[in-house]
């Protein structure tokens, strides 16, 4: 009799466990599906701030884009002289063509990073799941989570993201690039020797371990070093760098990485993974793949930087963006001889989708393309 009671109780406990497990799994799948639905369904015309009778694409962008300012924005910015920074311009223009646009997240992770549900529930590159201890250890040493005080105090910020594209060569855009308040550079793209075309100023350099400059003398003074974490090893690498520990070449990197970054901890930041997630699934519409890194669903660092700038800058420009796949022998980057055809070998990026996204922004004057490569 005692055995029967034990078996009955065991079965009841097992059933309860299965029911709770099913409910938890269902809730998780529903949470994930909000991303998949937004990328696979035509949005209703009266949802998310959209205007009735206006046509939008499957992501929520206006179908008919032009370079004319909406009437209310034309009035708002009518008295600004040419070249003057227009407060709120980029976000206002973005909202006009993409009503779902919002600015809920800080540029960089801070000591409250655990409260952000959007990144807490995804593994890198789309979130921080499993990285709490590493991030906490890094932030306990860096202790700085914002731009510099001088930049934070600006009433209006003009930002430019300098891409690495060969389209920058011989454009002589250096002085125009240096006129911006914030100059964002990507990975190991050099400045020295290319100042005439790419400028000499660097405010932020965003990179990941394999993309970081390996020679300490290449790093610019007075710039912030920003990690974009695409895998858990990237956060581990940054901890090594911050604590000045030895970096092992066998720590899961796909090429050699920098073993030293000549920056003090307060000059180091961690890019909020929200912007990788937002660029991939909300703005570009890349495959969701259950929130995991997969074929063709990782945005390039350039598109991620644009997404970040739309959130943190009043005006946004780009230079050195654009891959012309019809000219396979053109230089891929302004600083080396690798040809355009090499980009086709990438399995993580969807260049065509990104081009469509960036063209929308340029056509609607959300961003300015100085080198006309998009």
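Just so you know, glycine gets a Cβ as well, placed from its N, Cα and C.
Annotated features in Swiss-Prot:
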type	residues	note
DISULFID	159-313	disulfide bond
CARBOHYD	79	N-linked glycosylation site
CARBOHYD	170	N-linked glycosylation site
TOPO_DOM	1-8	topological domain 'Cytoplasmic'
TOPO_DOM	29-374	topological domain 'Lumenal'
TRANSMEM	9-28	transmembrane segment
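All features noted in Swiss-Prot, drawn onto the structure.
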residue: 79; record: N-linked glycosylation site; CB count, 10 Å: 7
residue: 159; record: disulfide bond; CB count, 10 Å: 26
residue: 170; record: N-linked glycosylation site; CB count, 10 Å: 10
residue: 313; record: disulfide bond; CB count, 10 Å: 27
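The two recorded residues, residue 159 (disulfide bond) and residue 170 (N-linked glycosylation site), show a Cα separation of 22 Å. Cα spacing between residue 313 (disulfide bond) and residue 79 (N-linked glycosylation site): 20 Å, rounded to the nearest whole number. For the pair residue 79 (N-linked glycosylation site) and residue 170 (N-linked glycosylation site), the Cα-Cα distance reads 35 Å. In the three-state DSSP classification, residue 313 (disulfide bond) falls within coil.
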